[in-house]
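K.L.:
Sharing a structure here in structure tokens format.
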Amino acid sequence: RRIDLRLLPILGLMYCISLIDRSNLGLAMIAGMSKDLGLAKGNRYSIVVLLFFVSYMCVIVVPQPSLYLVHPNPENETGHPSLPKSNRQSKKSIFEIPSNLILPRAGPANWLTFLGVGFGVVMLGMGFVKSWGVLALCRFLLGTLEAGFLPGCAYLISCWYTRYEVGKRLAAFAMISIVVGAFANVFSYALSRLAGKGGLNGWNWIFIVQGAVTIVVALLGWFVIIDFPSRANKFLTPREQAYVLARINQDRGDAEEDAVTRAKILHHLGDWKLYFWAFNLLASAVPGYALVFFMPIILRDGMGFSTADSMLLMAPPSGSALILALAAAWAGDRYKIRGPIVAFCQLMSAVGLLVLVYSTSNGAKLFGGFWCFSFITYTPPGILTFQANNITSHSKRAVSSATCLIGGGIGGIIASVAFVSRESPRYLSGVWTTVALLLVSIVLIIIMDVYFWHRNKAAREGRVLNEGINGWMYTL
């Protein structure tokens, strides 16, 4: 419980702030930003949404200077001699997934705080932009800074818990953001009422105040966030630390960190299962982002609600989402299953989305939107838990969680281009693209679980070693 209280609330709050910063565009859009910056012309709004995910993806996958030296021993883990000392410095650039490689070296508190303060400053600056082009640039910078935040949080949390404890923790981490996010929608409405104060419109105040809050919360995180279990001697007593490490080693044998090298990264990226989870998250990210960015427009332009009502109606689904997500997380840990729960939530989300766009009454449309939001909310932490339960070693966990989040970034890009302005407020092309992706994801989960079942059966019979570990079983 000490670990839970020290780790989950602050990370959940910081993640919530990052979600608010990336997703408050839809609320700002109906609070006067569309008119002030001319975002209704052509596909300007979709471009502004898109650029966040373009930079998000670029930061994750481009070459970065490695923080890890070439293995200093005469022979590295690949069995080949290390580079001569004179050449090591010039050979340190490798293709890597940067944030989760920087995180262990810089320390979780330092790195996550740096990212949080950075995107808080950008958000605050968005409150003073005068053109849609500058807004687009700010969104690009926002994506650059937010790219490493969620992978870092998921990586840190998964390193502290056993496989069948982490599901509830990741769900709680995500649910903190949902609960606070519900109040943030109401808060955004209150901020929009400041229109005219200081010569600024309501949308300006949304960005300025939420950016300032982000900076404060990020600085608080520097004092609260704890290090990895093997380095948490300032937080735990030696006896407590030994107990935590022993539990994790007994569960999956990777409590101690292993060095991240080029050979390990390339080896881990050769595991096809990483791309399966990345696609799962891609499929879930599309409806998630679509509801955040376009639901306020659907409420106002498609259902005839006022700007104020459209903002306030974004809050109620968080209550049902919280209950469903916690129930799904409990069931997953209790019965040690992941895939079937994620697939069920994706199916229910697809149904809700179709009800939203094809119903004729506002009541049914609202029900469909709320239904979709409630079920899709669980799927990101559910998928992250699914992959974390089936990964061993710190280095592979770092690569896997970041690769999974790459899928989420691609999902954001798809949402921004599939939901085009000319189809507002129904966005039929975007809706059917989303439904198709969800159905494909469900089929892939079924295939993966069948594969895991056969591998576990073979492992029990002594014919194979899952992940090279005797007695280790995949989680379906």
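Keep in mind that glycine also has a Cβ here, set from the backbone N, Cα and C atoms.
From TrEMBL, for reference:
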TRANSMEM  12-33  transmembrane segment
TRANSMEM  45-62  transmembrane segment
TRANSMEM  109-128  transmembrane segment
TRANSMEM  134-158  transmembrane segment
TRANSMEM  170-191  transmembrane segment
TRANSMEM  203-225  transmembrane segment
TRANSMEM  274-299  transmembrane segment
TRANSMEM  311-329  transmembrane segment
TRANSMEM  341-360  transmembrane segment
TRANSMEM  366-386  transmembrane segment
TRANSMEM  398-419  transmembrane segment
TRANSMEM  431-453  transmembrane segment
K.L.:
Grab the same-chain neighbours of the transmembrane segment (134-158) for me: Cβ-Cβ under 8 Å, and only residues 6 or more beyond its ends, written as numbers and ranges.
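P.N.:
Long-range Cβ neighbours of the transmembrane segment (134-158): 7-8, 11, 14-15, 18, 21-22, 25, 37, 47-49, 51-60, 97-100, 102-103, 108, 111-112, 115-116, 118-119, 122-123, 125-126, 166, 169-170, 173, 225, 228, 384, 388, 397-398, 401-402, 404-405, 408-409.
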K.L.:
Could you check if the transmembrane segment (274-299) is in contact with the transmembrane segment (109-128), meaning 3+ Cβ pairs under 8 Å among residue pairs at least 6 apart in sequence?
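P.N.:
These two stretches do not touch.
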K.L.:
Sequence-remote contacts (6 or more beyond its ends) of the transmembrane segment (431-453), Cβ cut-off under 8 Å?
P.N.:
273, 276, 279-280, 282-284, 286-287, 290, 339-340, 342-343, 346-347, 349-350, 353-354, 356-357, 390, 411, 414-415, 418, 474-476
K.L.:
Hey, which bits of the same chain come close to the transmembrane segment (366-386), Cβ under 8 Å, at least six residues off its ends?
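P.N.:
That would be 154, 158, 166-167, 170-171, 173-174, 178, 277, 280-281, 284-285, 287-288, 291, 295, 298, 303, 313, 316-317, 320-321, 324-325, 328-329, 332, 338-339, 341-342, 345-346, 348-357, 359, 401, 404, 408, 475.
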K.L.:
Residues of the same chain, at least six outside the transmembrane segment (170-191), with any C-beta under 8 angstroms of its C-beta?
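P.N.:
Residues packing against the transmembrane segment (170-191) from afar: 4, 8-9, 11-13, 15-16, 19-20, 24, 27-28, 31, 153-154, 157-158, 202, 205-206, 209-210, 308, 311-312, 314-316, 318-319, 321-322, 325-326, 328-329, 377-378, 380-382, 384-385, 388.
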